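Take a look at the structure below.
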Amino acid sequence: MATTIARIGSANWAKVLVLLWLVQLATAGEPNPACKTMPTVDKDNEDKCCDVPEMFPNETLNACMEEYQKSSKPPLQKSCEITTCVLKKQSLIKSDNTVDKDKIKSYIKEMVKGSDEWKTLVEKAVLEECLPLMDKDPSNVLSKLKSSLGDCDPAPALTIACAAAKFYVNCPAKDRTKSPMCDEWRTFLSKCSNSLEDLNAIFMVLENQKTR
């Protein structure tokens, strides 16, 4: 099972929310009703909606995947641990497992392989939109998730997954593909990536689809 953090690098846009499936394990507040119906996915074209630049070095991604992918832990816990591993190897997490905002800002400027437009987009998504989401968490979703993930704190991984959704919503015109499917997903994500409650609704839909 690939992780959200790896999918950012491969631009597998329709699957960037998989790690956020974690929130459906918790009892959240009331979501936006629009988030209960998810657009369809064209598996042949799901990677072509947005050309996302490289966010993390391949050697870091590969090292963390190799370290955790073969473990017998549940897939979601492995996803959480792989993402946290990548962030730690890039020195983006403090000793208390919180994301280091100052280092994130420097990292984006120095390490993200993209245009200034992309760097501005990444900084806004991570620092202004997704980290505040984790800080607010009115339904205490994160604290409820911790018991399901061993010793892996979900907040850093969920921050990255949330940011990935924002990248696709706000993908620069030169890097985006216009198609009915891509436009529908961009509209959906623009409405449903703004609260943990909405993200919860998305993954309840995903789980219902898996059981059919």
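Positions of Cβ are set from backbone N, Cα and C atoms, glycine also.
If you check Swiss-Prot, you get these features:
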- CYS64-CYS85: disulfide bond (DISULFID)
- CYS80-CYS152: disulfide bond (DISULFID)
- CYS130-CYS162: disulfide bond (DISULFID)
- 1-28: signal peptide (SIGNAL)
Cβ atoms near CYS80 (disulfide bond) (within 10 Å, other residues, all chains): 29
Same chain, 6+ residues apart, C-beta under 8 Å of the C-beta of CYS130 (disulfide bond), given in sequence order: LEU158, THR159, CYS162, ALA163, LYS166
Alpha-carbon spacing, CYS80 (disulfide bond) to CYS64 (disulfide bond), which is rounded to whole Å: 11
Alpha-carbon distance [CYS152 (disulfide bond); CYS85 (disulfide bond)] in Å: 10
